[in-house]
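These features come from TrEMBL:
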type	residues	note
DOMAIN	179-276	domain 'BEACH-type PH'
REGION	573-597	region 'Disordered'
COMPBIAS	573-594	compositional bias 'Polar residues'
REPEAT	705-735	repeat 'WD'
REPEAT	754-795	repeat 'WD'
REPEAT	796-837	repeat 'WD'
REPEAT	877-912	repeat 'WD'
């Protein structure tokens, strides 16, 4: 257990947890606390500790309390010179402190709430080494001035200057090397981070060891880690900045051997890369994807996989604002027997805790809808320092007292019963907390009051003791064993990916988070605010403190739906059709039912985009008499259909390499075409205001939808719904109710919604899940719509001319648009912010993209490969002799078909 492991290093009564949050322990001196009564003087020997905001006296006699004097409460600190009068007994020099408060801690060596003695007091301390007294007083006066400054920012700056001065005047003691032959590589000032505390000192790395030497010699003179024992290292965000480094000497433990915070990122990175190079033969660098594949195939348990994801997402047991987060998996805390074969026993892992109770969610959503921007659904987080210590108070009471200014929480608000806590998470107005790894471990001490702590008395008169287990567990140990079994159960294995989507994945942010009712306060998200940009130091510190106390959302690890685990009973479980990309339904690629195929597909896509510059022309065919406007392909890839301004729909046989059919519906241009999901019907939009449906098996028009008052410009199809865009300034949503599965029977189209725009709509696109629609208009506006409510989520006027094409990124977080102004714009779906704007040399007419790279068809006829991260063209591929007007790409991103104003269709293949 993390808290026990970190505390094993010292058996002292003193702890850094006696300091205030963000306080440093600088130095200690053996001293006497001198008290005078009417009869005689009494001296209590102990350690006099100088801290950045307080003085702490730790007596050797354990029955005496530790005394803490906050410097801000000191009225006077003075050096009293030794008495040299030959007629009196010589008196050594002392430190005299007049203060308004003294805090007594651990009286009779018992961990209990602190006792505050308020009122004017005079304290006298005598150092064993008299000669240091004056220097110590000067230090205390300097720190006292800092504590009394009006502004918190000024206080912090003055203390930081004092700390940096101390670090600069000292260095690592190389006499501590284990081996005289060791060669030092680098040394710098750092802080060792433990839960709620930081300890400044120096780190030194050699060709054999990593050393940390605390400035104050606490808890020991030097901490040593042999580099050949290190198994994992992680860069960490600490205080929202990339300054942390965590070192593990074990493979599966979630508690590290040391966590260091550097004062600049360059020092951190140099040590990280030095250790990484040194360990090349000792460890494999794992990514979220590599762990995912191991878990999917059963090589990692659910528990191990969640630990690895937490580690990769910056969660650390040394940082309570980013403590590892685990899900509640059981919903039954009342039955006498735990039935792991019954789905009702389990919590719905597809929903965040706040959305599990529909009645409470409705109240939260009503508040959310009336809230000004930035809006959020939940006013508290699922993981915060307070929640972690709520669970761990029985093994980490000093941490709780440190966090809560020397007090425990009210007895009725303590962690008293697992069932009560679950009930409150379901019904409480502000309680949405998840669990921590300890609930699935082997050490049940956090559920038992083994330290006999006095945690208070409840309103019913009972004392707070051990945590009450559910009826189906005989004791704490039995609860953990059954709880761990539940985590590894069939049901959880089949649904854990849904919870990962919420906490670490694509539903963590943006529109997917909104749809999943998973929106927390903006300050909890990584990058939600740049504290360094806040100029006022007081505001900056207050903001940082608020963020760290409130809790932080993990770093996002996945931007697309997480695949399901391949479980023994259901080898062929696949994601629901609502998450299937409409593009994949048109792909000329045989879809395997095995969900492991998703991994291969995703890897193939990444590889394809990495090699997109190697796109090679296979063949070109001149088949239309005017510009090509649309391309679609049958599911087996055997037939390609294209539309043109020459008013024809043509069918091309891939096998015979020739056009087999030509169909004309009217004398007006056709603007686009798409394949319906069953693969037997092609829909064509026309400038004559209609949509025509062509039956492939019967070779004839099977239906006409007279839907608009002006030309239909583009269409989308998802889940039996047709979306049609028109120059009449509307997008219409139609429900298709077919009379039967046979493709020749006529369909009825029911109008579900009409989305109004300020000008003609030129292009539309759906996100892969079909939950969002984007439309691009002739006036340069991009609008993002919610397809369930048909509400406008964002409207951004980002182009100065008509928009040619717009589409979501595969992870639904961004929208890319190209227009007549030759600009490419990337819009953040969640905020509506234009996060990237590129002015190209020519108009881009159409494109395909993966979120980072874009394959564009330009006005000149060339294909351009853009890298959006650097905003540069990485490859120009000669293609058409006129503008590229249509583009289609298969699901594996390995085949591309383009159409142009030169009436040509060109087939492209990716050369590996």
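Yeah, the Cβs are placed from backbone N, Cα and C, and that goes for glycine too.
Mean pLDDT across the repeat 'WD' (877-912) comes to 93 in this model. When Cβ-Cβ distances below 8 Å are used as the criterion, the repeat 'WD' (705-735) is approached by residues 577-578, 582, 668, 671-672, 674, 676-677, 683, 685-693, 749-766, 770, 773, 775, 777-778, 785, 787, 790 of the same chain, each at least six residues removed from its ends.
Residues in the repeat 'WD' (877-912) partition by DSSP class (helix H, G, I; strand E, B; coil) as 0 helix, 20 strand, 16 coil. Taking H, G and I as helix, E and B as strand and the rest as coil, DSSP gives the repeat 'WD' (705-735) the counts 0 helix, 21 strand, 10 coil.
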